[in-house]
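Peer 1: Feature table excerpt (Swiss-Prot):
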- 1-53: domain 'ClpX-type ZB' (DOMAIN)
- C12, C15, C34, C37: Zn(2+) binding site (BINDING)
- P118, T119, G120, S121, G122, K123, T124, Y125: ATP binding site (BINDING)
Amino acid sequence: MAGNRNEEMVYCSFCGKNQEEVKKIIAGNGVFICNECVALSQEIIREETAEEVLADLAETPKPKELLDILNNYVVGQDRVKRALAVAVYNHYKRINFTESREDNDVDLQKSNILMIGPTGSGKTYLAQTLARSLNVPFAIADATSLTEAGYVGEDVENILLKLIQAADFNIERAERGIIYVDEIDKIAKKGENVSITRDVSGEGVQQALLKIIEGTVASVPPQGGRKHPNQEMIQIDTKNILFIVGGAFDGIEDIVKQRLGEKIIGFGQNNKAIDDESSYMKEIVAEDIQKFGLIPEFIGRLPVLAALEQLTVDDLVRILTEPRNALVKQYQTLLSYDGVELEFDQDALEAIASKAIERKTGARGLRSIIEEVMMDVMFEIPSLEDVTKVRITKEAVDGKAAPVLETA
């Protein structure tokens, strides 16, 4: 009996332990591996992956290099681009410092960023461009879809799941990624006084976000949705994730005006001329954001404040034509595949920009306006073999005439 039992005994092909010495042995094609060797392999892979991630971060572009990258894709907002370049560089420098230092005397805080600016001013695009230039996982979340745990809506941990998915479930990469939370102004408290009722989408969500922004080990449901007691969770440390939050903060300029006006009355001094909304945006301080409805603890975790300016007609025309992936260049490339040249008159570009401003859509509305103008042209051109050039005029943008077609 003993001989038969010995013949049936299964041994791990790697450490040589038998099935009675370990908890589990997994059988492969003529090969066996025990649970202890699996755990050891996972730890080795984890350490090597972490080293690879840190090596990538060591090559973080310097602020001037980041600014050059942003300038290739983003028009205007020079002050904001400089602030972002410095904040992002310092963030990844902090990670390298923390991972490699031997002493624990200096605790470097994260440079999370709050971007304030009107719709279509480039908040999301700036964050996307930064993440792409750094080759780190990037996720976008909408604050309006978030609610406190226990209420119908999306838990804040689902933001982390999006980042994990963007990292192809490589947790080490995800832990050094960037998350952009849009519409953050929509979860502001409805007033400075604390309500006795539950604030499902306001202060409660800010408190929930606060935990993951400042750094915590969060439990994330791998399939998303609500947490269940028996569900297996993904553990992710958020201390090195860079959070960029943004919002339009409509009406905050009135808070700034009130604060600046009070100073004039109080001290009898002439304040510097502030003639437009954009100038007021440059004057925003933490006190104004708190009055708008973000709680002090939340504001305190967003030390870098970047206020974007309202884009002008000239800015939007530059956005249409100058960046590497400018919309005009994209449509010119599309028509070139049909052997047709595309040209926009200067006043046509200005008319497109003016429409975007009238619609209050900013840069994000430019594509839909061009689509309206170009739809019939793009429908007809593939069937018109004699057309060599299309010229878009102001009249075509205004809907008063068709684009001009030139033939050979």
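Any Cβ shown, glycine's included, is placed from N, Cα and C.
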Peer 1: Measuring CA to CA, name the entry from the binding-site residues T119, G120, T124 that ends up nearest C34 (Zn(2+) binding site).
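Peer 2: Result: the closest of the binding-site residues to C34 (Zn(2+) binding site) is T124.
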Peer 1: Tell me which residues of the chain lie with their Cβ under 8 angstroms from that of G120 (ATP binding site), as long as they are six or more apart in sequence?
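Peer 2: Listed in sequence order, they are L311, A356, K360, T361, G362, A363, R364, G365.
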Peer 1: Between T124 (ATP binding site) and C15 (Zn(2+) binding site), how many Å separate their Cα atoms?
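Peer 2: Rounded to the nearest whole number, the Cα-Cα distance is 51 Å.
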Peer 1: Of P118, S121, G122, which is closest to C37 (Zn(2+) binding site) if I measure between C-alpha atoms? They're all binding-site residues.
Peer 2: G122
Peer 1: Give me the Cα-Cα distance between C15 (Zn(2+) binding site) and P118 (ATP binding site), rounded to a whole Å.
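Peer 2: Roughly 62 Å, rounded to the nearest whole number.
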Peer 1: Are there any residues in the same chain, six or more apart in sequence, whose C-beta is under 8 angstroms from the C-beta of P118 (ATP binding site), and if so which?
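Peer 2: Once residues fewer than 6 apart are set aside, P118 (ATP binding site) is near A248, D250, L308, Q310, L311, K360, G362.
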Peer 1: Quick one: give me the count of other CB atoms within 10 A of the CB of C34 (Zn(2+) binding site).
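Peer 2: Its Cβ has 24 other Cβ atoms within 10 Å.
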Peer 1: What other residues of this chain sit with their CB within 8 A of the center of the CB atoms of C12, C15, C34, C37, the recorded Zn(2+) site?
Peer 2: S13, F14, G16, K17, V22, I25, F32, I33, N35, E36, V38
